[in-house]
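Chemist: The following block contains the structure, expressed as structure tokens.
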Amino acid sequence: MQSRELREQLLGCVKSRKSLHVTGPPGSGKSTFVSRLAEALRVKGCRLGGFMAPEVRRGGRRVAFKIVDIASGEEGYLAVADESLAAPGGRRARHGRYLVLVDEAWRVMSHAIRNAFEHADIIIVDEIGPMELAVPGFREALTEILDSGKPLVTVFHRRLRTLDPGLYKLLERGCIVWLDERNRGPLIRLVSEIASALSNEACGNS
């Protein structure tokens with residue numbers, strides 16, 4: 001997709017008050033884009049809610065993923081490869097080499113989503129993937145957000161269409177953007193413009 005087409009798609013999406021959903025291969029810059037967009041929205045006075053799931057590295061090796069509440073900073077582990085990182089107790093689910101800490105993850109997710117519903121202008125979810133969907137309650141909460149019409153920006157797993165066709169159909173109500181090395185630069189350069197359009201549409205104090 002050419003830069004002009006990408007710009008028109010994204011700004012048209014925002015102005016029509018549709019949700020924005022970003023996907024692509026690992027390392028394509030999805031989370032970087034959403035993080036920079038969140039920073040730009042905060043500068044414009046938007047109240048943000050939701051969560052991000054950053055990776056945790058030790059000695060250059062990925063050992064875990066966390067769940068971090070965007071608004072409060074509350075955090076917990078989503079999944080760990082090294083079980084010594086996990087507190088004892090709580091429900092767990094195996095996903096490849098990772099152990100999903102169901103109860104710990106849901107504690108942070110549920111607080112973040114509930115507070116976002118009540119207080120945020122824009123909800124951000126990074127990401128929607130197999131490990132997040134292994135947490136009971138998350139899919140239902142996400143569906144509620146999608147049905148609410150509240151402004152939403154997500155990152156989702158590139159195979160979600162196969163993993164959960166029903167959820168993918170809900171995302172298709174909004175705008176889906178495929179991010180890869182060809183359009184990463186143009187998309188990052190559009191962050192400020194997208195943030196301005198989003199804040200004008202969604203943020204009452206902007």
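Placement of Cβ uses the backbone N, Cα and C atoms for every residue, glycine included.
Note that the coordinates shown come from a computational prediction; the quantities given were computed from them, not determined experimentally.
According to Swiss-Prot, the protein carries these features:
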BINDING   24-31, 122-129  ATP binding site
Chemist: Any idea what DSSP makes of Asp126 (ATP binding site), helix, strand or coil?
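Modeler: Note: Asp126 (ATP binding site) is in a strand by DSSP.
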Chemist: Which has the fewest other CB atoms in a 10 Å radius around its CB: Gly24, Pro26, the listed binding-site residues?
Modeler: Pro26
Chemist: So for Ile128 (ATP binding site), how many other CB atoms are inside 10 Å of its CB?
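Modeler: 23, counting other Cβ atoms within 10 Å of Ile128 (ATP binding site).
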Chemist: Note down the number of other Cβ atoms within 10 Å of the Cβ of Ile122 (ATP binding site), including every protein chain shown.
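Modeler: The answer is 26.
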Chemist: Through the lens of DSSP with three states only, how would you label Lys30 (ATP binding site)?
Modeler: helix
Chemist: Under DSSP, is Gly24 (ATP binding site) helix, strand or coil?
Modeler: coil
Chemist: Taking Ser28, Lys30, Ile124, Asp126 as the binding-site residues to compare, which has the smallest set of other Cβ atoms within 10 Å?
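Modeler: Candidates: the binding-site residues Ser28, Lys30, Ile124, Asp126. Fewest Cβ atoms within 10 Å: Ser28.
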